[in-house]
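These notes concern the structure reproduced below.
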Amino acid sequence: MLKRSMNIADYDPVLWQAIQDENRRQEEHIELIASENYASPRVMEAQGSQFTNKYAEGYPGKRYYGGCEYADIVEQLAIDRAKELFHADYVNVQPHSGSQANAAVYGALLQPHDTILGMSLAHGGHLTHGASVSFSGKIYNAVQYGITAEGLIDYEDVRQKALECKPKMIVAGFSAYSQVVDWAKMREIADEVGAYLFVDMAHVAGLIAAGVYPSPLPHAHVVTTTTHKTLGGPRGGLILSAAKDEDLYKKLQSSVFPANQGGPLVHVIAAKAVCFKEALEPEYKVYQQQVVKNAKAMVDVFKQRGYNVVSNGTENHLFLVDLVSHGLTGKAADAALGSANITVNKNAVPNDPQKPFVTSGIRVGTPSITRRGFKEAESAELAGWMCDVLDAMGKDNEAQVIAQTKEKVLAICKRLPVYA
């Protein structure tokens, strides 16, 4: 018999200590990784529910197992809320991750060796948009587009590449692009060459849900997202469309199950349902507006302090700092800031002279700091601290500056906890 008094602390103290250490790390470090966020206690409660135990192969009303009546309620709730949130007429909440959602879209609409045209990973795209090390670059003939010296998508270059390679699908979306994508222009190019337009909006889904960033739904044939970045929900994936194409929807349904996945994670779908309900609340829009304000405030400080920001600014939740002119690598900057309890990630910049695991830039994102209550003033102050650390790298006072910055970080983290 399983007793509710069972706990990890008594049974597995080594694992329990790692959990406690991670809890402390999140509370005492400032999180600036653009793809991370803090899930609400409600979301985590759903993920820890007894839906963890339930197998539910199939879809609501069409399951292969019995006892799915409550799983059906949960999944339909998530579907209906996502439809309302994103103004979609098709939603699949079963993908376990964004990459698996993308794989399902490719599987539904492409054959092996078909040509896809996606944004280069080195220029801000994602592994699954055709990178050679990804399944998307191995199974399909992947052609890549990039950004200009100013850090902007060159739509005429995208068009010319599309006319040359005649892709079956154009992939729009990004993991490190700080400007607004012209979804309508991308659809225009796709239509010109007879291609599907597939948009991966994982990074900006929360902004889109709040109306802070343009939605690709009116333009794309199909859209995917994760649920844990700007959306702030559980780790998972989502497929959506507003194409009013039942044949397309049938292909997508069967590509998720049974082609790419077996049983869905019902406890995670329950958490997605909670996340979508939270995103429909009025205060969610205020949060997403603040995410962008905070990013802009940080950009202003970096520029004032003499650091080059790719594309010269941001219109979303993230930005890239190019460290080439300062003679710093992204790897070293990541480590130095990490020593001051500021977590970023190293990131390639356009025409990066360094290797992918070294890089010449850092990516900075504001969803997490905004979640814990940072406004423009705190964000600008934080950017100043980061510049202090970067300025001191390689100098005699580096250790002293890092120690002083860490004290400031610990103080503001105590004042603005993640979970109060």
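Backbone N, Cα and C atoms are what each Cβ position is placed from, and that goes for glycine too.
The (6S)-5,6,7,8-tetrahydrofolate binding site annotation in Swiss-Prot covers Leu121, Gly125, His126, Leu127, and the record cites sequence analysis as its basis. Taking a C-beta cut-off of under 8 Å and a sequence gap of six or more, Gly125 ((6S)-5,6,7,8-tetrahydrofolate binding site) has these contacts in its own chain: Gly118, Met119, Ala131, Gln144, Val171, Gly173, Phe174, Ser175. Secondary structure at Gly125 ((6S)-5,6,7,8-tetrahydrofolate binding site), taken from DSSP and collapsed to helix, strand or coil, is coil.
Among the features that Swiss-Prot reports, N6-(pyridoxal phosphate)lysine is placed at Lys229, with the record citing sequence analysis. Within 10 Å of the Cβ of Lys229 (N6-(pyridoxal phosphate)lysine) there are 27 other Cβ atoms, across all protein chains. Lys229 (N6-(pyridoxal phosphate)lysine) carries neither a helix nor a strand DSSP state and counts as coil.
Cβ neighbours within 10 Å of His228 (site 'Plays an important role in substrate specificity'), excluding its own Cβ and spanning all shown chains: 27. What Swiss-Prot lists as site 'Plays an important role in substrate specificity' is His228, and the listing cites sequence analysis.
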Cβ neighbour count within 10 Å of Leu121 ((6S)-5,6,7,8-tetrahydrofolate binding site): 24
C-beta crowding around Leu127 ((6S)-5,6,7,8-tetrahydrofolate binding site), within 10 angstroms: 16
Additional residues around (6S)-5,6,7,8-tetrahydrofolate, ordered along the sequence, whose Cβ is within 8 Å of the centroid of Leu121, Gly125, His126, Leu127: Gly118, Met119, Ser120, Thr128, His129, Gly130, Ala131, Ser134, Ser175
